[in-house]
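Trainee: Dropping a structure here in structure tokens format, bear with me for questions.
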Amino acid sequence: MYVNKTMIKWPKQITATLVEQLIKAEKDLQKAVLIFDAATGEYTNGFRHDLSTFGLMISRFVSVNQFRAAEDMLNRMKDEKCNITEDIFLSICRGYGRVHKPLEAIRVFQRMKEYDCEPTHKSYITVFSILADENQLKLALRFYRYMRESGIPPSVTSLNVLIKALCKNRGTMDAALRIFREMPNRGCIPDSYTYGTLINGLCRFEKISEAKELFMEMSDKGCSPTVVTYTSLIHGLCQSNNLDEAMGLLEGMKSKGIEPNVFTYSSLMDGLCKGGCSSQAMALLEIMLSKRHKPNMVTYSTLIHGLCKEGKLREALEILDRMKLQGLKPDAGLYSKIINGFCDVHKFQKAANFLDEMVLEGISPNRLTWSLHVRIHNTVVQGLLSGIDPNRAFQLYLSMRTRGLSVEAKTFDSLVHCFCKKGDLHKAARIFEEMVVDGCIPDEGTWTAIVSGFWDRKKVRETAESIQIEVIGNVF
């Protein structure tokens, strides 16, 4: 449907509220733009857009990453002498932050004064936070100095952002703690967010003792830990194999009325699985589900990895099925865990079934899991060749070549030896030739296998021919 001004029956009195309702109701952005333009074109001396309608259109553009169109709206607001507020600019800055373009956020921030909009403490903090979130430490520190030079005094909020930026790198963690200790001298009392940020940073860099000290201090200072703080410390304790303490902390947070979330449970399950306690992790999953928390990809991946590592493949497949029923699609990394599990117990046909399933589901490895994927394919081919199913091994080999997966020298050797032994010299010769074409140099054993295969066939043929000649001679 093509939208223009004649397709909407506008009332004689067009209001901003009506225009907003029409724009919000229209899901198609281009049609929403036409409605926006049609509102001012209906009557010569009628409706003019205001901050609310311009703001709504800018929000729509930013939500679909059409930043140029959003900035064009700023120019239009200026031309139409519509007052532009700080929040309009910040919505664009946040949009650029969301798509990881911090320099563009700074550029928009610097344009505020061009539109007679004086940035306040809120604007500085927003841009500073974007830089910290993007781990742009040097740029963030320069911006912080610029804030101070511009007359923005330090506050708990700004120092929290600074501490957050410093906590992202091991080398600046001590600086974060120094600023934290100096906060009261600047008239800024650390809050729960400050403590939570530091505890998270310390746990990330395996400084668990210091994190626990801060956690105790936090309670002494009257700052209540949040679920995020508890989860950070639980995760740190699990990573350092302090499972009993982690489980104790879980009970502690529950006793204080703080409900664990999916990340809390996932961290504990990860620790339990790494400690060889997958049964406890499964019990925790049931508790999590009873609390109506939906497991995520990390939860399922953790459990499947732990179960496979302990050889509990039936339970791992049950978890995989639950995951699919929830509508989550397993990735190549997750399938690799299952396939590796079957390879570990020499169930190579089952492993091959899951490799086939991956192809049928259109699941491909990414850059990080590619080498693992290649290794698994080679392992399965070699496993199938060990007297189980050489024909399937050959089919999987062909599939590997079609999909550009590297074939290891050992896999080539195993294939050549197997088919020479079976007397299928046609396949052996083909594989041998492809081995050489791929730049893989056959070793002495492979040469011996292929030459012996053809030599034996030649002897059989010569014997058959001599018998045939002898028979014919006897006849005559």
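Each Cβ is built from the backbone N, Cα and C atoms, and glycine gets one as well.
Below are the features listed in TrEMBL for this protein:
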REPEAT    50-84  repeat 'PPR'
REPEAT    85-119  repeat 'PPR'
REPEAT    120-154  repeat 'PPR'
REPEAT    155-190  repeat 'PPR'
REPEAT    191-225  repeat 'PPR'
REPEAT    226-260  repeat 'PPR'
REPEAT    261-295  repeat 'PPR'
REPEAT    296-330  repeat 'PPR'
REPEAT    331-365  repeat 'PPR'
REPEAT    408-442  repeat 'PPR'
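Buried or exposed, and what's around them? Tell me for each listed feature.
Mentor: The average per-residue pLDDT of the prediction over the repeat 'PPR' (50-84) is 93, rounded to a whole number.
Mapped onto DSSP classes, the repeat 'PPR' (155-190) shows 28 helix, 0 strand, 8 coil.
As a summary of secondary structure, the repeat 'PPR' (191-225) carries 26 helix, 0 strand, 9 coil according to DSSP.
Residues of the repeat 'PPR' (226-260) grouped by DSSP class, helix first, strand second and coil last, total 26 helix, 0 strand, 9 coil.
Here the repeat 'PPR' (261-295) has long-range neighbours at 227, 230-231, 234-235, 237-239, 241, 243, 246-247, 250, 253, 302-303, 305-307, 309-310, 312, 315, 322-323, 326, meaning same-chain residues at least 6 beyond its ends whose C-beta is under 8 angstroms from one of its own.
Counting residues 6+ beyond its ends, the repeat 'PPR' (331-365) has Cβ neighbours under 8 Å at 297, 300-301, 304-305, 307-309, 311, 313, 316-317, 320, 372-373, 376-377, 379-380, 383-384, 386, 388-389, 392, 396, 399, 403 in the same chain.
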Trainee: Counting only residues 6+ away from its ends, which parts of the chain sit with a Cβ under 8 Å from the repeat 'PPR' (226-260)?
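Mentor: Contacts of the repeat 'PPR' (226-260) (Cβ under 8 Å, skipping residues fewer than 6 from its ends): 192, 195-196, 199-200, 202-204, 206, 208, 211-212, 215, 218, 267-268, 270-272, 274-275, 277, 291, 293.
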Trainee: Where else in the chain does the repeat 'PPR' (120-154) make close Cβ contacts, counting only residues six or more beyond its ends and a cut-off under 8 Å?
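Mentor: That would be 86, 89-90, 93-94, 96-97, 100, 102, 105-106, 109, 112, 161-162, 164-166, 168-169, 172, 186, 188.
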Trainee: Is the repeat 'PPR' (85-119) packed against any residues at least 6 beyond its ends, judged by a Cβ distance under 8 Å, and which are they?
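Mentor: Contacts of the repeat 'PPR' (85-119) (Cβ under 8 Å, skipping residues fewer than 6 from its ends): 51, 54-55, 58-59, 62-63, 65, 67, 70-71, 74, 77-78, 126-127, 130-131, 133-134, 136, 139, 143.
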